[in-house]
Amino acid sequence: MKRNSLSSFYVSLWLLFTAVILQAVDSAKGKYAHMLFNELFEDYSNALRPVEDTDKVLNVTLQITLSQIKDMDERNQILSAYLWIRQSWYDAYLKWDKDKYDGLDSIRIPSNLVWRPDIVLYNKADDDFSEPVNTNVVLRYDGKITWDAPAITKSSCVVDVSYFPFDSQQCNLTFGSWTYNGNQVDIINSLDSGDLSDFIEDVEWEIHGMPAVKNVITYGCCSEPYPDVTFTLILKRKSSFYIFNLLLPCILISFLAPLGFYLPADSGEKVSLGVTVLLALTVFQLMVAEIMPPSENVPLIGKYYIATMTMITASTALTIIIMNLHHCGSEAKPVPQWARVIILDYMSKIFFVYDVGENCTSPKREKQEEHKLEGDDGCQRRQKEVRSPLSNRKDDCDLKEKFNGNLSKSYGGHGENVRETVNCCSCYKMLIKNIEYIANCVRDHKANRAKGIEWKKVAKVMDRFFMWIFFIMVFFMSVLIIGKAA
């Protein structure tokens, strides 16, 4: 027990002694830091370039860390990004011997106390011309100054929306000195690309790289070279949101357009369906137009909308023409021979179009045989019905003639009986003519009705033909736009 208590006492005493020593060291370092700061900035000026020889170039190392993409405004072509900008250079007037200051090798001071390079974003698109954030700089004993400053930049970016929503964008961030030329301040990029290690993943864009390139440009106003470092931000749009909210509804709506040909002509809704689909696509087209910039490059989804709207307009116009064929009555001309052969004979079999009144579940041949048998039986019955009264009347006439002849032989009244017989036969002949007239009228009515049925079948075959044509067009258009995504 005594040994444990003594050991704990010694440990506590040693920790207390260590804390006192560290506090004394810190207080000593703080005293040396104040002494160093007063000596360094006694005759220092931050207005002039810190070089001993004015003809010497001051090298500034630049490094950009992309933290977050705040917004990509395609319509105004502005990229908003959150950056960490690190600049480092050597100040010839801010050096000291660290051994004289108890090994103090670095201090942190406000950035406005030292000279800073006026490196700005050339393609800035912000209305606020505020100064950089006055964060502290790290000053080392050898004169190296490191300045880390956060910045929210708004830069102009040329947006190409030709393949929207499957597009990739390249936005440049060009940094350079505003007043110093390349003979005074030279910019060196510390890395071959921007730092993306601390990037926060964006919901709309994927980062595929941020290469850095140094450029030396001689402007027309000046003969001196002006160096700059351009960071190219390569972005790939995540298209899932636009697929489910803009593209997929358009594809589903476009597949409704060919179904207008399948709708029965007597329903009266064929044209209204096409107009409704056209209006729905117009709404989606306006939504895309509000997002995209007003440029000559029409986006891919806009081209798909325009092609679909053109197709629906054509289908509505064809529907109106086919409805006119459907409602051709008995006053119309007969179906031409070429149309009867091509449309009624061949195309109707290809597209499985049955006659009016036929059912697709019953075979066509059986229906034709049934109609044929029914027609033969009906004709035979009608002939029997017509012939039976005529034969009966003819038999009556013969009986009357025989009866009148017997009476004339018996009683000698031949003249009056012959006259009555002639009158009776003439009445029967008039009746036969009337019946034949009625039969001709019925026959003409059936022929006209058959003519209208043929035109209806022609319209039905054309409906099926255009339905499959437009289905194929919509399918290939959808495959084409999905292929662009891949």
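Positions of Cβ are set from backbone N, Cα and C atoms, glycine also.
Per TrEMBL, these features apply:
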DOMAIN    35-238  domain 'Neurotransmitter-gated ion-channel ligand-binding'
DOMAIN    246-481  domain 'Neurotransmitter-gated ion-channel transmembrane'
REGION    364-393  region 'Disordered'
SIGNAL    1-27  signal peptide
TRANSMEM  241-264  transmembrane segment
TRANSMEM  271-292  transmembrane segment
TRANSMEM  304-325  transmembrane segment
TRANSMEM  465-483  transmembrane segment
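Under the criterion of 3 or more C-beta pairs below 8 Å, with sequence separation of 6 or more, the transmembrane segment (465-483) and the transmembrane segment (271-292) do not qualify as touching, having fewer than 3 such pairs. For the domain 'Neurotransmitter-gated ion-channel ligand-binding' (35-238), the mean pLDDT of the prediction comes to 89.
Through the fold, the transmembrane segment (304-325) approaches residues 247, 250, 253-254, 257-258, 260-261, 265, 270-271, 274-275, 277-278, 281-282, 284-285, 288, 298, 455, 458-459, 462-463, 466, 470, 473-474, 477, 481 of its own chain, all at least 6 residues removed from its boundaries and within a Cβ separation under 8 Å.
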